[in-house]
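As recorded in TrEMBL:
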- 9-257: domain 'Protein kinase' (DOMAIN)
- Lys38: ATP binding site (BINDING)
- 280-289: compositional bias 'Polar residues' (COMPBIAS)
- 280-307: region 'Disordered' (REGION)
- 297-307: compositional bias 'Basic and acidic residues' (COMPBIAS)
- 321-387: region 'Disordered' (REGION)
- 330-351: compositional bias 'Basic and acidic residues' (COMPBIAS)
Amino acid sequence: MEHVIGGKFKLGRKIGSGSFGELYLGTNIQSGEEVAIKLESVKTKHPQLHYESKLYMLLQGGTGIPHLKWFGMEGEYHIMVIDLLGPSLEDLFNYCNRKFTLKTVLMLADQLLNRVEYMHSRGFLHRDIKPDNFLIGLGRKANQVYIIDFGLAKSIETFKLINTYLTEQSRRDDLESLGYVLMYFLRGSLPWQGLKAGTKKQKYDKISEKKLLTPFEVLCKSYSPEFISYFQYCRSLRFEDKPDYAYLKKLFRDLFIREGYQYDYVFDWTVLKYPQIGSNTRSRPSGRTTAVGPSADRAERTSVGQDIRDRFSGAVEAFARRNASGSGHPGDHSKQKTVEDSRMPSKEPRLHQSGGMESRSSQARNAQGDPSLRNFEFLSISAERRK
């Protein structure tokens, strides 16, 4: 039996499940467009889809914000229909043997700063900045980074009202977390990752202690001083200060120029031919030079060539692996597994037409490993002190 969501989207094979619910591939029966469909049981103890859908409605229109096509309730499920995206930066990091070159990190930094700046400009903190929550687009959007997972996002104004008690985060904390992401990509890991402990609380305590005992000069040792300057600037901000995003982007763009790089969107995974993200043309464009970085107001350059129809062999496989519960160790670089072996559950979702309201919503929450621990590894030190 075929299930049609909102009278428009056909439910396909299941590609992921976890604490967030279930994630399916889907198809727009009118246009043939492939989409992602996220289901959350109406009986769940901690529902989040409705909150995320409201947030995505407020963020719609920004570059790198997934397009939410429908949100509503049918049968026993809250349902969101969203853009189908490619692999996360964590997936690509694993594919590249857990090291990115400086060129790739600097090109990513420009886009990541733009995404965080846009969220802040719309009045929200993300509060869960980590590689898993940045995804690459598909087809002609294969060079564009998307930001997802707004389950922990909060209003900046709300935090201003309660800051008397020094209990919450501000824009500086998102930026410091982003700095940890960049160093993670350059180094291969952060000094406080992989620590052993008897209990979860002990592990959190060890991570906090190691962060506090690791000065930025040590964290960024052997790397360009611009990264130290980035962290020092973030730490200099007061709670209510609006960051100078242009200054931070200029830090990295100037470094990019000095290194003699071309802003050609040839990332490390492009060179290694990560399967089926964008066009069939993987080589560096010949005889072409490009400007150093897009402006904050301009959408990033899209890849050259035809859209890839056979998405299931690569990008969607990574998408499914990222959202699957009980997935493998982050160091697993297997590239042969496909989602063709993934089947619909024996007990299909019980859906019926219930006049769900049309709305906007979010990408599925990452369920790999321990999401709360993963978040804590990239949390700013100042935010930890308020925990």
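Positions of Cβ are set from backbone N, Cα and C atoms, glycine also.
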Fill in the blank from the handout: Model confidence for the domain 'Protein kinase' (9-257), as mean pLDDT, reads 91
Exercise for the section: Have a look around the residue listed as 'ATP binding site' and count the other CB atoms within 10 A of its CB, chains all included. Expected result: 26
